[in-house]
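S.K.: Residues or ranges marked as transmembrane segment by Swiss-Prot: 26-46, 70-90, 97-117, 134-154, 167-187, 199-219, 236-256, 263-283, 288-308, 338-358.
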Amino acid sequence: MLLWLAEYLQQYISAFAVVKYLTFRAILGVMTALGLSLLLGPWVINKLNKLQIGQSIRDDGPESHLVKSGTPTMGGTLILFAIVFATLLWSDLTNRYVLAVLFVTLSFGLVGWVDDYRKVVQKNSKGLPAKWKYFWQSLAGFTVAYGLYVTAQIPEETTLYIPFFKGVALELGVFYIILTYFMVVGFSNAVNLTDGLDGLAIMPTVMVGSALGIIAYLVGNANFSAYLQIPYVPGAGELVVYCAALAGAGLGFLWFNTYPAQVFMGDVGALALGAALGIIAVIVRHEIVFIIMSGIFVMETVSVILQVASFKLTGRRIFRMAPLHHHFELKGWPEPRVIVRFWIITVMLVLFGLATLKLR
């Protein structure tokens, strides 16, 4: 939004030309989102407390979690507001990739908001019925997948690139829509499953989102992409602003979500952030690298799948409790230890993922 104003004012004051630079707008984006999160956080938490929008805790979960009952939830609305506001302020709103990511963020955020509202306000323990939750997620996922497919301007936009190997790629054709759907819906639910401990989901989200911002900047630059021998996707660099806003909003939220949490993000935050990461990974054509960097989200999801499959087939559980973070809690690990160790794992995976950009 301010980019348009700066372009107009540039003809009178040349200093406004600096606003055109992606790095400058990314810095302003992270500062704007971080500032909004920190400033509005106390007000949001107080408002949620007054409205008695508190988290209910499962009776069959770890006993240490019972003290969390009543902690304000739906704090993801703060994250999404900060991200969307900063993105609208500092990004190029004519860029179709920015619009696609904003659509995914808001649509999945709405699904999560309805689910949270039914649980904590209407006191419906099941929230939004699973079939309807997946229906609306699928509708949004297929919509953005189809939209990106039919508006693709170059073959690189719908090609799957394999890391580590130079020139190894698969033209997906219509299967691009299917891949995009699973990336968006799958990681939306993966982040939601991970969001079970204080700060456990938001910090890996910030780290992976920041790494995707770096990748977006590189693939959106013809010189850098040619040097690194990675796909060049014109316009993808504009997502740096969104990723910066995500990092800022996430860090601001972590200020209040760190152990012991003053607020939880709820489904409104987790579903939206996971879906946003998934669609950005697709746009920048680094799906496999993204899956590597998101190893924590993948492990949490796989642990649930294995647990359910094992119990249905054999009547036995593989883990003491799923998702995986609860397994370690029941083994006696204090919650902060589980959280920080999962963060450390994410740091290593993100660094490895970024290193693959040079490994060919």
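Count begins at 1; order follows the chain as displayed.
The backbone N, Cα and C atoms fix where each Cβ goes, and this holds for glycine too.
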S.K.: Does the structure show the transmembrane segment (167-187) and the transmembrane segment (236-256) touching, where I'm treating 3 or more Cβ pairs under 8 angstroms (sequence separation 6 or more) as a contact?
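M.R.: In this chain the transmembrane segment (167-187) does not contact the transmembrane segment (236-256) - fewer than 3 Cβ pairs sit under 8 Å.
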S.K.: Excluding the flanking five residues on each side, which residues at least 6 beyond the ends of the transmembrane segment (236-256) place their CB within less than 8 Å of a CB in that stretch?
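M.R.: Apart from its flanks, the transmembrane segment (236-256) reaches 22-23, 25-27, 29-38, 41-42, 45, 75, 78-80, 82-83, 86-87, 90-92, 95, 97-98, 101-102, 199, 202-203, 205-206, 209-210, 212-213, 216-217, 219-221, 262-263, 265, 269, 273, 276, 280, 283-284.
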S.K.: So, taking each listed stretch (26-46, 70-90, 263-283, 288-308, 338-358) in turn and counting its Cβ pairs to the transmembrane segment (97-117) that are under 8 angstroms, which one gives the highest count?
M.R.: 263-283
S.K.: Go through the chain and flag residues at least 6 beyond the ends of the transmembrane segment (70-90) whose CB is under 8 A from any CB in it; none is fine as an answer.
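M.R.: Contacts of the transmembrane segment (70-90) (Cβ under 8 Å, skipping residues fewer than 6 from its ends): 1-3, 25-26, 28-30, 32-34, 36-37, 40-41, 44-45, 48-49, 53-55, 98, 102, 105-106, 109, 112-113, 116-117, 120, 202, 241-242, 244-246, 248-250, 252-253, 256-257, 261-270, 272-273.
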S.K.: Sequence-remote contacts (6 or more beyond its ends) of the transmembrane segment (263-283), Cβ cut-off under 8 Å?
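M.R.: For the transmembrane segment (263-283), the sequence-distant neighbours (Cβ-Cβ under 8 Å, at least 6 residues beyond its ends) are 41, 44-45, 48, 55, 71-80, 97, 100-101, 104-109, 111-113, 115-116, 120, 127, 137, 140-141, 144, 148, 179-180, 183-192, 194-195, 201-202, 205, 208-209, 212, 216, 233, 236, 239, 242-243, 246, 250, 253, 256-257, 289-290, 294, 297.
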S.K.: With CB pairs under 8 Å as the measure, which of the listed stretches 26-46, 134-154, 199-219, 338-358 comes out on top against the transmembrane segment (288-308)?
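M.R.: The listed stretch sharing the most Cβ pairs with the transmembrane segment (288-308) is 338-358.
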S.K.: Quickly jot the same-chain residues contacting the transmembrane segment (199-219) by Cβ under 8 Å, restricted to those at least six beyond its ends, or write none.
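M.R.: Sequence-remote neighbours of the transmembrane segment (199-219) are 22-23, 26, 79, 191, 225, 228, 230-233, 236-240, 242-244, 246-247, 250-251, 253-254, 257-259, 261, 265, 269-270, 273-274, 276-277, 280-281, 283-286, 289-290, 293-294, 296-297, 325, 338-339, 342-343, 346-347, 350, 353-354, 357.
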S.K.: What residues elsewhere in the chain lie close to the transmembrane segment (26-46), defined as a C-beta under 8 angstroms and at least 6 residues from its ends?
M.R.: 72, 75, 77-79, 81-83, 85-87, 89-91, 213, 240-249, 251-253, 255-256, 262-263
